[in-house]
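Here the structure comes first, spelled out in structure tokens, and everything after it is commentary.
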Amino acid sequence: MDIHRLPALADNYIFLLHDRQRNQAAVVDPAEAKPVLDCLETLGADLVTIYNTHHHGDHVGANRELLAKYPNLEVYGGVEDQGRIPGQTVFLRDGDRLSFADREATVYFVPGHTRGHIAYYFAPGSGETIGDLFCGDTIFAGGCGRLFEGTPAQMVQSIGKLRQLPDQTRLWCAHEYTLGNLKFALTVDPSNKDLQERFQTVQGDRQRGQATIPSWLGTEKRTNPFLRWDNPAIQARVGMTEPARVFGKLRGMKDNF
């Protein structure tokens, strides 16, 4: 399965999955149609599936236009988003399984950013060691999504599920927010050597106009404060230890950063 990262809008990424054997494609969170259609034309592939992580317009904005061109599309989304994702045909629950391009995927229900948010984890293919996590706006490289419809306790539970996945998991989040996220992370975890090194690398990447996505889940576990609510240094920094309170404090600080 080839994964094509397609820039969209101001800072979104759309991900197009290509099954070369069958010459079929699936798209994750199509914010707009043109990048998807251009990529499909280049590949000469047929679009068969949309995977939506949640209902926000910058993740489902192209659903209707793509359905107009490919009326037999299956549109996947969480069952809690029924009526909020245009054209949705498949209503997923936590633990559901699906497959694309001979890769098996598990659905994770991860409320917090929105009440119906889901993530898709594609386990490594045969003979491979790297998995792929499409997490929408739940985890960002160096950060996490705002809590529009959920609570800190929900987000701790949701991210807690995802951080149990292997370190050798590529994290395909939907926005290029990494540099700003790491600037904030350094204010709450300033002695973290891995974080300091990552910031320098990302700063150089962005100065050269390079994308920072995908990230690695192992990197997030070491450097992303929103996966480190149980780290003693971060707990000391915010003056509390209960996971939801630590997370809520971090999120509030980031909202005002």
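Using N, Cα and C of the backbone, Cβ positions are placed for all residues, glycine too.
Per Swiss-Prot, the Zn(2+) 2 site holds D58, H59, H175; the candidate it also names there, chosen from D19, D102, D132, D137, is D137. Of all the binding-site residues given, namely D58, D137, the one with the smallest number of surrounding CB atoms inside 10 A is D58. When the alpha carbons of D137 (Zn(2+) 1 binding site) and H175 (Zn(2+) 2 binding site) are compared, the span between them is 8 angstrom. Between the binding-site residues H59, H113, H175, the minimum number of other C-beta atoms within 10 Å of a residue's C-beta occurs at H175. Each of the binding-site residues H54, H56 was scored by other CB atoms within 10 A of its CB, and the lowest score goes to H56. The Zn(2+) 1 site is defined by H54, H56, H113, D137, and by the 8 Å test on Cβ atoms against their centroid, the other residues of the chain that qualify are T53, H55, H59, T114, H117, G136, T138, G145, F148, A174.
The two recorded residues H56 (Zn(2+) 1 binding site) and H175 (Zn(2+) 2 binding site) have their Cα atoms spaced 13 Å from each other.
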